[in-house]
Amino acid sequence: MASSPPPKEVESSEKWIEADLDPSRRAKWWYSTFHTVTAMIGAGVLSLPYAMAYLGWGPGTMALVLSWFMTLNTMWQMIQLHECVPGGTRFDRYIDLGRHAFGPKLGPWIVLPQQLIVQVGCDVVYMVTGGKCLKKFLDMACTSCTPIKQSYWILIFGSLHFFLSQLPNFNSVTGFSLAAAVMSLSYSTIAWAGCLRHGQIDNVSYAYKSTSPADSMFRVFNALGQISVSFAGHAVVLEIQATIPSSPEKPSKDPMWKGVVCSYLINAICYFPVAMIGYWAFGQDVDDNVLMALQRPGWLIAAANLMVVVHVIGSYQVYAMPVFDMVERMMVKKLNFPPGLALRLVARSAYVAFTLFVGVTFPFFGDLLGFFGGFGFAPTSYFLPSIMWLLIKKPKRLSIKWFTNWASIIVGLFIMLASTIGGLRNIVTDASTYSFYT
C-alpha cells in the first residue's frame, strides 16, 4: 500500500530556530502594545465628541462599545491565524494570509488594495496633520512671529521622514512607537481633563442638530464611520506579530495577544473619556476638534498640538514599514535589485516623497480618505478577518463563532457603504472650499 504524501506546508524545526536568529524577530510582548496603540489611536480621537453630537448618548455610546468589542475579536482572530498551519509556517504579512485563505491568485487582489488604501492613505493624512499641528503650535507659542504657509510646515515635517525611513525594521522604530503611544495618552488626557475643568456650557443641549433630513442622514453616516474606523490597526497587526520570536512550545500568539489587550485598554482610556466628557461639556455645539473649543490655557493647548506631532511621527513609520517591505521585496524579486542600503535609499525615499507630494498638493486629503477609507478600513478591520476565519477555521454552522463572524461581516459592509457615501457627500459639499498648495 502506498504511503500518504507529506503535508504540503509542513516545515522543519530549523525554520523556528532560523526565525529566532533573525534580528527582526527579537521583539518583546510590550513592543506590540506600543506599535498597536500608535497604529490605532490618532488625532481623530479629538473629533469623537463631534461624532457623538450627531448620534446622541444612546446610539453614540453603543457604536463606541460595539466597535471596541468587534474589532478586538477580529484582532484576536488575526493573531490566531498568524500561525494557523502546523509545522512552523508564519503568515508575516496580511497579503500572505490572504493568499492562504483565498488562493494565490485571488488573495492579493482581495487583500492588497484595501491594505494599501489604509497604509498609504494614513501616511498622507499624517503628513498633513503633522504640518498643521506644527503650524498651530508655532502660531500659539509665538503670536508675533511671521506666519508661514501650511505647505512649508508639511515639507518640514515630511523631511524628517527621509531620515527615519532608513531605519531597517519594526524593532528599530520601537522607541518612536513608545513616544507616540505616550503622546496619544497625554493629549487625550488633556482633552478630556480640559473639558471636565471647563464644565458644561450655558444652556447645553443634547438634542440632535436641526438640519434637513438628508443632511442629518449623511452626517450620521459620517459619524458612524468615524467611530467605527477609530479601531483600525488590523492592517499592520500581522507585520507587528512577525517581529515576535515563536516556537512550537511558545507561539507568538500568546505575547502578541497580551500586547493587544493592553493596547485596547489604553485605547479605551483615550477614546471613551474624550467622547463622553467632550460631548457632556459642549453638547451639540461641540467643535470638530474638541481642543479648539477649550482655547485656555494657551500653553497647554499648544503643548497638546506638539504631542500630536510626536504621535504622528511614530504612526507614519508604523504604517510605512509594511509598505517598505512590500516594495523592497518586489524590487529584489522582479527587478533583481540587490538588497542593502542603496535599495532602502531608493525605495523608501521615493515613498516618502510621494506621500509628501500628495499631502502638500491636497491638504484636504482627509475628506478624500473619508471616501476611499470606506473601502479600506472596514474590510481590513471588520469583514476580511471574519471571512478568512470562516474559510480557514470553518466553525460549525449556527455556532457562536459562526454568528459572531457573520455579524462582523454585515456590520463591516454597512460601515463601508456608510463611510463611502458620507465621504462622497463631504467632497461634494466642501469642493468649493478646497485649495491646492495652501
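Keep in mind that glycine also has a Cβ here, set from the backbone N, Cα and C atoms.
Heads up, TrEMBL stuff is auto-annotated, nobody curated it.
Copied over from TrEMBL, here are the features:
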DOMAIN    26-422  domain 'Amino acid transporter transmembrane'
TRANSMEM  54-72  transmembrane segment
TRANSMEM  152-170  transmembrane segment
TRANSMEM  176-196  transmembrane segment
TRANSMEM  260-282  transmembrane segment
TRANSMEM  302-324  transmembrane segment
TRANSMEM  345-365  transmembrane segment
TRANSMEM  371-391  transmembrane segment
TRANSMEM  403-424  transmembrane segment
Cβ contacts the transmembrane segment (54-72)/the transmembrane segment (176-196), at least three under 8 Å, sequence gap 6 or more: no
Same-chain residue ranges lying at least 6 outside the transmembrane segment (345-365) that approach it to Cβ under 8 Å: 120-121, 123-125, 127-128, 131-132, 150-151, 154-155, 158, 161-162, 165-166, 320, 323-324, 327-328, 331, 337, 430, 433-438
Folded-back contacts onto the transmembrane segment (260-282), same chain, C-beta under 8 angstroms, at least six residues removed: 30, 32-33, 36-37, 40-41, 45-46, 48-49, 51-53, 57, 60-61, 64, 68, 72, 75-76, 79, 181, 184-185, 188, 191-192, 195-196, 198-201, 204, 206, 230-231, 233, 237, 290, 293
